[in-house]
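**Q** Copied straight from TrEMBL:
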- 1-22: signal peptide (SIGNAL)
- 57-318: domain 'MHD' (DOMAIN)
- 80-160: domain 'Cadherin' (DOMAIN)
- 161-269: domain 'Cadherin' (DOMAIN)
- 270-384: domain 'Cadherin' (DOMAIN)
- 385-489: domain 'Cadherin' (DOMAIN)
- 489-603: domain 'Cadherin' (DOMAIN)
- 603-634: transmembrane segment (TRANSMEM)
Amino acid sequence: MTIQQVLLLLLLWMWLPHLCHTEMLFRRTPDLRPKTFGGRASGNDGKAIHRQKRGWMWNQFFLLEEYTGSDYQYVGKLHSDQDKGDGSLKYILSGDGAGTLFIIDEKTGDIHATRRIDREEKAFYTLRAQAINRRTLRPVEPESEFVIKIHDINDNEPTFPEEIYTASVPEMSVVGTSVVQVTATDADDPSYGNSARIIYSILQGQPYFSVEPETGIIRTALPNMNRENREQYQVVIQAKDMGGQMGGLSGTTTVNITLTDVNDNPPRFPQSTIHLRIPESSPVGTAIGSVKATDADTGKNAEVEYRIIDGDGTDMFDIVTQKDTQEGIITVRKPLDYETRRLYTLKVEAENTHVDPRFYYLGPFKDTTIVKISVEDVDEPPVFSRSSYLFEVHEDIELGTIIGTVMARDPDSASSPIRFSLDRHTDLDRIFNIHSGNGSIYTSKPLDREISQWHNLSVIAAEINNPKDTTRVPVYVRILDVNDNAPQFAVFYDTFVCENARAGQLIQTISAVDKDDPLGGQKFFFSLAAVNPNFTVQDNEDNTARILTRRNGFSRHEISTYLLPVVISDNDYPIQSSTGTLTIRVCACDSRGNMQSCSAEALLLPAGLSTGALVAILLCIIILLVIVVLFAALKRQRKKEPLILSKEDIRDNIVSYNDEGGGEEDTQAFDIGTLRNPAAIEDKKLRRDIIPETLFVPRRTPSAPDNTDVRDFINQRLKEHDTDPSAPPYDSLATYAYEGNDSIAESLSSLESGTTEGDQNYDYLREWGPRFNKLAEMYGGGESDKDTS
C-alpha cells in the first residue's frame, strides 16, 4: 500500500469514526403484540394508520475495501434488548456471504469480515439477522434485513481499451483540427470522491499535437504540417484519476498518427530539355521514348496528364499518358523522312488532374519541358509513285504490247538505281512480264477475257546496291472485251413434232448465249440456213425465237427425225455468227399433244408385255437362282461339319505312347492273356507308366465258356456295347485282339508241318468257304502231284 492510500484511509477514519464500531441495540418490548409510535397518519379514507413498533432497528453498516490487517475486519455489533447477558440468546446471520465472507458471534452478536473485500467485485451485501432462544430455538424477535456497504478507495488506475491507437489527419491542417478521441475507464466508484475522475495529458508528441484534459480529444497543435517532410508521429497520452492531483493513479496509451496526403505539390520535370532519337523507317504508332514529371504527392494527388502544347512537330507526334507509371509516351503520328526533316522540337506540359482549390496559392500545378526529336537516316527501300496501279487492256492485243508502267525511286540521298520484277506467285501462267529497268509491263501470252477478266499482279522493286531491301505494289489488270465469240444455243433442245401436227404449230422456243459482254448488251438474230419446207423460224426480237411447222401431218414411218440448221448472229462489231442444228423427232401424240412414242420400232413390239415387265421378270428369275445356289452351298457345308467339334473326343482312339514298354518285368502293362482267358478279368489294372485320364468302375461281364467261338465272343461284346448306357451314341470301332481258345485245324504254320512224319489231309479247307480256296489248292494240289508221280 502506498503512502497516498494510507493517508486516504486515515482521512476516512477521521471523517467516519462510527464506521468501525457500530452497535445496534434492540429495544425490549413487553410482549410480542405490535405497538405503535406516538405519531399518527391518515389514509385516504380518513382512518388513522398505526405503525408497528419493531423490537430492534439499526442503520446500514459500512466497510472499507481492501483491508490489509492480519485479523478479521470488524464490521459491527448486533444486540437485542431481550439479551440479559446470560447466554440464553443466539444470534443467527443469513444472506449474501453469511458464514463465509461474514461471520457473527452467536453470543455477543459481533460481525466480522473474514477476508479482504473488493468493491469492484460487489458494492454491497444484503444480510438477515435473527435472535433465537438457545434452548427452545424459537425466535425472540422477528427476522430483520440489513445492508453492508463497501466504501471505495482509489485502488484502480485508469485503463484504455486499446494499447495502441492508429489515427490519421490530412497534412496542412489548421491548428485545432481533431485527430482522434481516446477514452480511459476507472473501475473505482465515480460517486464517491475523485477516485474515478480522469484527466488526460500528453506525455509525448508535443509540440505537434495536444489533448483536451476532460474529453481526451487529440488535436493538431502546429499549422501546415507537411507530409513530405514527416509522415508518421507517435503520441503518448496519460489518463490520471483523482482529478489529476498528486497521489492519483494513471495509465497511458500510444497513438500512431499518420499525415495523409493532399495535393499541395505541383508536378516538376527533372530536366528542362529532353533529347530523343528515332529511325526514319519507324512505322506509325512506334513509341519513341517517355517523359516523366515527378510529384511529391501520392495516389490520385500525384496523377499527371501529359499533352503537346507547342512545337514544330505537333502534327507528326502524339503523347499518351500511361496511368500505371505516370509517364508520357511519345509516339509517331505520321511517317518520318530523314531527307525531308531531320529535327523536331516539342513543348510538353504535365498537369495534375486533381487539384485542391484550398491550395491554389501554392500553384500552378503544372510544368513544361522541351523535347527534341532527331530523325536518323536508314537505308530505305524503294518507294512507288502510287500505292497501287490499275491498267486496262483489250483482249485482242498483240503479244509483247506494253499495258502500263510502274515507277519507283530510292528515297535515300544516294538514289540507288531500281530493279523491277514480277512475283510469279501472282502470275502462275506467266501471261505478263516486266522490264527490269524501266518497270514496263507487257504481255507474253494471248489474253482471253472469257477465261479471266482480272489479273492481280504484284510488282517488286529492289535497289541494285541492296537487293534485300524491297518494296511491293499491287497492279490490277482489267481485260476489256472484244467481240470474238459467236452466240450459241443456251441449252440442248430435245424437240419433237407430233404426227398429227398442223401448219403453224409451235414446237419449240429457243434462246442463245454469248461469252462476250458488249457495252450495249446482248442482241441476237435467228434465221434458217436454207429454206425448209417443213419448219420455219420466227424471231421474237427479245433474244428468243419460235420454231413453227409449215405443213400438216408427219409420219415417223417415212421420216422419224428432221435436222433443222438455225443461224444465230449478234449485232456487235465485228459481227459473229454460228449455226446450230436442231434435231426434231416425229412422235405419236395423244389428242392433247402429249408425246407417247417416238421410235418406229415401237410399232413392231408385241402388244402383250412391255419392256419394263420383261426386265422385272428377268430380275426375279436371277434372284431365285441366287437363293437356290446359296441354299445348296449351306447344305453342303453342314454335311462336312463333324458331329463333335470338341477336342475331347470320347470315342475309342488309337493312342501312341511312344515307348517300348517295361520289358519282361512289366507286369502292369497290357496282357494279351486277358483276352485269351476272359475268365481272368477280375479288376481293371491301371498302368504305371502313364497318368490315367479318368477313373471308372470296371463293368463286370460274364465270362465266356472256354470253348466259345471267336464269332460268339465278338457278338457278345457287341451286344454288351449296344446295351451299355455309358457307351457313345455313335458308331465306333472296337478292336479285340483275340484269336479264340482253340482251332480244329490246329496250327497252319508250315514250320510245324515239316516235322510231321505222316501226311496230312487238307480237304477240310474247302469246306470253310471261298476265302480258304487258295490254301486248299496249294496243299491239295501238292498231294495230287505226288500221286501222279
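The backbone N, Cα and C atoms fix where each Cβ goes, and this holds for glycine too.
Note that this is a predicted model, so its numbers are computed, not measured.
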**Q** Reported in the order helix, strand, coil, what are the DSSP residue counts of the domain 'Cadherin' (385-489)?
**A** 3 helix, 47 strand, 55 coil
**Q** Could you count the residues of the domain 'Cadherin' (270-384) that DSSP puts in helix, in strand and in coil?
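**A** So the domain 'Cadherin' (270-384) is made up of 10 helix, 56 strand, 49 coil.
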**Q** Across the domain 'Cadherin' (161-269), what is the average pLDDT of the model, as a whole number?
**A** 91
